[in-house]
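Okay, structure first, notes after.
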């Protein structure tokens, strides 16, 4: 017994059509093997005269055809073993035309297409020539449908000869056609030119017939109703003189500075709108509309120039995209920053999908320029692309990059393992490869392990590259177990389960031919017959295979031999409607057995496929909501009632106009409408429809566009940052970025801030920001305080969600006068349980003591000066005060002072600092944080008058203040006083919670005069400029003033004090009054009121309260003396002057208050 090996096998060859080829197959072995040749797994029919096996195994093929290309296998079988060797035969076919270009007649501005469809092997390349020169593709010369040439917007210079040249390694061919451009007044040929576009075909159709009669006038009111970056929608009104019915329209348009004009026709008669697609962003185009009736085209409308919108400044493609496989399940991607970033790149989106699969594309956000993608399938090809995103959105995508992950050992075992006992000494085992998704690489072979007996038996290994293996040399009547595993370059994978069988005790009989097959069944088709059978009933006789013969009326016309394992076979390339006779015989080494016969008639050929269906028309996109658009259309192939009675269906596709989005989404429906849901708000979508009926389908319809409605923002502003303004520690700048999902045009932002992050959001301070500004400045914040900020965006539909809380602590700042006053007020409003550092307590005590000393000096000196000056000038004032025309005139140098006696209610009064700067950004609601805003309580309520001790008391209570829990104003009346010159001081004190303190305040002296005899209460005179002393008088000034007072007379009149009763448990005090001499007053009084009590002075007041509740300031109004008649007499009063004891008593009183203040501060 000799070795069974292949000495010479076939090799890969490349031959041209018509040549001959020899494929050798020399096998050595005993017994002499039987050689069979197969093409792509099918046994070669040697009855074909072009195929012949010569020299014992060499396959000769003459007159090669394109169908002869494929994989040829040589199988050698000696009865005990089968070996196989393969080779690839490539047949080169020169190019040949399937469709040649034809001559075209057209008018200027039309779009035409030269068709050129070729075939060949390898696939030929196609070039276009015009008058012998190569056609370079451009915006107007485009290659479509692989090889067709499309010319857009014809001009006279486009006329000429066009050649289609196709070539490959086997040869080349060429065909030519002529383009003839006719004048507009010359009718196109009546025969339809198949290479024309649909728009031109419509134009040809409208140009047929007699050109006589009236034509339409120019269409009116041509406007661009919708302008985008890459399309413009035009609408117009019909001509004033249509001169007929079924008017159609043609839109001619050209790019600025170009003489090439293009045309697009409306889809139906009477339609007065069209959408021009595929325009260039930020480019001017000129449009004109021409109406046509059955006679000819009419007048052109006035040209309309419209510029497309500029492209959103999104990033360009990321260059140098590379992918490196790291492991069988991971790939590392790298790229560079886009050359045209158009601003800061915020993130990159990496899109990936499994190539060749219908799986949807997935994406992931990446910050850097590299990313390692994990969790991929082993030995699988993926497609990657990268899109850079800035604040305007996603940019231009890179080209798809294909990369394959590394291979690995198979993750599953081979499938369908079977064993078949051949004889007493051999067993044939067969299997299928592991599932494609688990092979994890190219399979290099299989490992077979078999053993005799139980599991403890010693296993033998065999390596093979085939899907079957004959195991021989076995023992008779012995049990054997088999298992198979697949192998890649990385190693072997898991093995199958052990499969057990037993060899025969004796061999099968091959001393006679097999019996007749037990059954034969045939199933005729149009061009084939499927044959199936069962083996002979006598299983003790060896069957080596089956021979199938068939022919029209003759079963021996052609013969095919198949393996003994096969139970069915498809006879192909038959004639339709023909009667075939089929025979089947089993054979072995002794010969062929008895045949079985069957006949069948192939089915008749079906009618050729009809022309494609017409696409749907009148596609409309009706926006229903922010995420829903209803698409409707009409089908011209249906009856007029548009009722669907057959099995046709419609495919709707849609996508957005985002540059990075190039993929459509599709869905099928059996009605003429479809509602598309789950769309993005405020996004422009384009829709088109296709109809399918059986194997017939139409082209896509014209696109319709719709923009979904806006809705509330679904994301909050991002990247919120807070920074302090340089040089202004009380001012901060807050910056942010717009929300990612704005869902509409942002109309403004709302800034919330507070010092307590746990407070309800409606109690936070609100700062509105109008428009799309991304920064805002907030002033007059408290120093060294932690603030919390939130921002929400709003559009026309309402507010979006709040951003995450951002905290910021204001700076400590410089200790200016304003800073000291702020620290002072904050120290008074602190809770008793919260203490600061020892340095802050010392600083507060020093400030309080300094303020108290200055206050006491100012009060005492002011009272003393007013008293002395009033006494010295008493006589001079009486002489100067003489009535003239019912009025009183006084010398401008009069210096008599009369301070009022004020009871100060410590629970009711609050500090009212004078603020000269208006509020730059008034807030919308009450703010619990101190700000420069005008006090809302300054608006007077409804006055109420009560009689008290013969005088009127005016009280003003604000209704709004009462409703908000704000204390109302307190009106402090005074007794009637003589109409003399009066000056007094305005003193403001603040008491917050249970603390009491003195605050630095200005002394305001103000004098008024009146020239008419009228009520001061109803018509207050215009105040003179006040003199405000912001600092205590110096020693030199006091000495000069004292010297001047000594020259004056002592006071002779003591005005009554204000009738205001104290309610605070602490002792109240009054400013020492100044006495002057009494005299008969004139008919009108000259009031002297505090500057802060003048409602017309335009002075703002601010309140200082806690952060949780705003406290409105309490205004103290000092009314003037009531009017007196000419005959009224003033009661004589005693001259009064302050004695030393009285001043000492007041000083002791003030000193006691200071001690109480120190005790409170220390506590």
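Backbone N, Cα and C atoms are what each Cβ position is placed from, and that goes for glycine too.
Automatic prediction, not curation, is the source of TrEMBL annotations.
Here the structure is a predicted model, which means the values were calculated and not measured.
Taken from TrEMBL, the feature compositional bias 'Basic and acidic residues' covers 893-918.
If you take every residue in the domain 'Ig-like' (18-90) and average the pLDDT, you get 85. According to TrEMBL, the feature domain 'Ig-like' maps to 18-90 (among others).
Residues or ranges marked as domain 'Ig-like' by TrEMBL: 95-180 (among others). DSSP labels the residues of the domain 'Ig-like' (95-180) in these numbers: 3 helix, 52 strand, 31 coil.
Under the heading domain 'Fibronectin type-III', TrEMBL lists 218-311 (among others).
The feature domain 'Fibronectin type-III' is assigned by TrEMBL to 317-408 (among others).
Annotation comment: TrEMBL describes 413-506 (among others) as domain 'Fibronectin type-III'. Broken down by DSSP into helix, strand and coil, the domain 'Fibronectin type-III' (413-506) contains 3 helix, 50 strand, 41 coil.
The domain 'Fibronectin type-III' annotation in TrEMBL covers 516-609 (among others).
Taken from TrEMBL, the feature domain 'Fibronectin type-III' applies to 615-714 (among others).
The feature domain 'Fibronectin type-III' is assigned by TrEMBL to 716-813 (among others).
Sequence annotations record features per position, and here TrEMBL assigns region 'Disordered' to 872-962 (among others).
What TrEMBL records for 1015-1034 (among others) is region 'Disordered'.
Residues or ranges marked as transmembrane segment in TrEMBL: 842-867.
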- Message: Give me the DSSP three-state residue breakdown of the domain 'Ig-like' (18-90), ordered helix, strand, coil.
- Response: 3 helix, 39 strand, 31 coil
- Message: Could you check whether the domain 'Fibronectin type-III' (218-311) and the domain 'Fibronectin type-III' (615-714) come into contact, where contact means at least 3 Cβ pairs under 8 Å with the two residues of each pair 6 or more apart in sequence?
- Response: yes
- Does the domain 'Fibronectin type-III' (516-609) reach the domain 'Ig-like' (95-180) with at least 3 CB pairs under 8 A, where each pair is 6 or more residues apart? no
- Quick one: find which recorded stretch in 18-90, 615-714, 716-813 has the most Cβ pairs under 8 Å with the domain 'Fibronectin type-III' (413-506). 18-90
- Task: List the helix, strand and coil residue totals of the domain 'Fibronectin type-III' (516-609) as derived from DSSP.
- Result: 0 helix, 53 strand, 41 coil
